[in-house]
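So the structure is just underneath, and the comments pick up after that.
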Number of protein chains: 2
Amino acid sequence: MSELNYRFRDPALAQLALTHRSVGKPNNERLEFLGDALLGAIVAEMLYEVHPKASEGELSRLRAQLVNGQALAVMARELALGDGLKLGPGELKSGGFRRDSILADAFEATVAAVYLDGGFEACRETVRGLFVERIAALRRSSKDAKTRLQEWLQAKGLALPQYELIASHGEDHAKTFDVSCSVTEPLAFTAEARGGNRRAAEQDAAEAVLNRLLEQQRGA
Amino acid sequence: MSELNYRFRDPALAQLALTHRSVGKPNNERLEFLGDALLGAIVAEMLYEVHPKASEGELSRLRAQLVNGQALAVMARELALGDGLKLGPGELKSGGFRRDSILADAFEATVAAVYLDGGFEACRETVRGLFVERIAALRRSSKDAKTRLQEWLQAKGLALPQYELIASHGEDHAKTFDVSCSVTEPLAFTAEARGGNRRAAEQDAAEAVLNRLLEQQRGA
């Protein structure tokens, strides 16, 4: 069980954040819109700080792991938000207070309620308090791009990627390296990346390939 | 031509925000990730304030009109961000400083740079200054849901929607109305909504139908 660690000046805002649309209007849908956006920004900043070398794609991937509906429902349960939910009769009967989507929405709406009640710094501190351990845990468990690409290919019974040094530029004290990462048929895709050392360039190239493969898989 | 109305303490941050990935690393991709999220939150708050009756779906739709790549590229041009862009040789040759996606990314990255340089309030003021007129203009031109649904159906040569009062509840001084909005074959979809007056309920029902039709159109 965790705690919000925020005390509302206006308890009606906290209550509105827990009012499902099945009750009628006003409900928490507008707050959810605002809270979703605030949460995205505050978690983005945390990841930006904690992962100073991560690419934009990597940061997006990490954030999606933290703020998807299922993850937010878990956090809502830890805060026992379900106990305070106001639901219409239909949702009450069918156990809406246990449903992931309703809980996740209530969590997002609560973030917006803190913002409107106490301002950005209060909201930021509250969200940071709730996410700091999760972000640290994710960081400990997160694998580098080369490892993830290798595991993805192995799981599909495909050949391992090939890394090649294409060129290096500059004087010894400020050398950069161009590296390619290729996967063979049936995927047949190559990406190139430049880095201050060969390993960093390989990681970036691997991530570019992996992102492309995941996009293809999603049918994009 | 508009102005950012923000003076950087650390000009290197402003410069980084205009450094495209074609230059190598460091570049503005990580800032773009952060700026995109901040922009989403600050514009969400503005719309939340300006449209106190808009539904979540309506707020999302309005935001998408304001912060899509094309709209941000227009704003980047107004700020003349293209003049400060740092591009690699390939992008320079092919006129990357004129490309929408590169300009939009630079705009988002600049928002993050203001945040990191001056804090949330400075960033919020800057973004609000840039969007306030656009949001007011959008508000003046925005049509209600019933009008948009009607226009959408007419453009496809389809029959107009039917609105029906299903029930009304409560005492005269606090009556609520249940209304349905239906579209006929081949779409065949009905949504219901409840409101404090019939017109408001019809608007909500029309918006639910329209959102559903737009989702279908996108193949969701």
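Residue 1 is the first one shown; counting continues down the chain.
Placed from the backbone N, Cα and C atoms, the Cβ positions cover glycine too.
Heads up, TrEMBL stuff is auto-annotated, nobody curated it.
According to TrEMBL, B:Asp105, B:Glu108 bind Mg(2+); the candidate from B:Glu32, B:Glu171, B:Glu185, B:Glu192 that the record adds to this site is B:Glu32. Within 8 A of the CB centroid of the Mg(2+) site residues B:Glu32, B:Asp105, B:Glu108, the other residues of that chain are B:Asn28, B:Glu29, B:Leu31, B:Phe33, B:Gly35, B:Asp36, B:Ala104, B:Ala106, B:Phe107, B:Ala109, B:Ala112. If you take the Cα of B:Glu108 (active site) and the Cα of B:Glu32 (Mg(2+) binding site), they are about 5 angstrom apart, rounded to a whole number. Secondary structure counts, DSSP: the domain 'DRBM' (B:144-215) has 32 helix, 23 strand, 17 coil. With all protein chains in the displayed structure included, the most crowded Cβ environment within 10 Å among the recorded positions B:Glu32, B:Asp36, B:Asp105, B:Glu108 is that of B:Asp105. Residue counts for the domain 'RNase III' (B:1-119) under DSSP, helix first, then strand, then coil, are 85 helix, 2 strand, 32 coil.
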